[in-house]
């Protein structure tokens, strides 16, 4: 009987790695992940500035013009460099990218309309919940129940976003929950003081 050696890495880690090319060092995606929220914050404040009453730029025009410019540049790069030299044109992947870009454009339009009409802080807090929803969706697709620490992170993220969006309402709820209820002794003392008056 011959035993089959176990793989050096779990199957899930191997599936997440790219099929071709070298795996990037860990610091590169970490730096990109740190830069992403900074860029989103700069984008939100830029939208807030250009759509203010002083400038009066339409958020829809700004969104669709920026999306068209970026997609046109990506199409030129794909036609001149990526498809001829890296990977041949795949209609299936093109349709997937087209559907994803439509969803991304709709999400961007909604987000920038929210930046235009509402405060930037709560809008950013709500939009940052996409990471929480992405983790939940990924756990559902992979049929993996989140660990206890991940669940704690989900709850903290939801609570933080709720506080950022509805601070007055959360403060009112907390004041009701932690309000000091009168004890029987305090009621008796209050009754005596009122009778003396």
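First residue shown is number 1, and so on along the chain.
Keep in mind that glycine also has a Cβ here, set from the backbone N, Cα and C atoms.
What TrEMBL says about this one:
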TRANSMEM  26-47  transmembrane segment
DOMAIN    31-165  domain 'EamA'
TRANSMEM  59-83  transmembrane segment
TRANSMEM  89-111  transmembrane segment
TRANSMEM  123-141  transmembrane segment
TRANSMEM  153-178  transmembrane segment
*Take a look at 59-83, 89-111, 153-178 and tell me which one has the most Cβ pairs under 8 Å to the transmembrane segment (123-141).*
153-178
*Mean per-residue pLDDT computed across the domain 'EamA' (31-165)*: 81
*asked:* DSSP-wise, what's the residue breakdown of the domain 'EamA' (31-165) into helix, strand and coil?
replied: 113 helix, 0 strand, 22 coil
*Might you confirm whether the transmembrane segment (59-83) is in contact with the transmembrane segment (89-111), defined here as three or more C-beta pairs under 8 A between residues 6 or more apart in sequence?*
yes
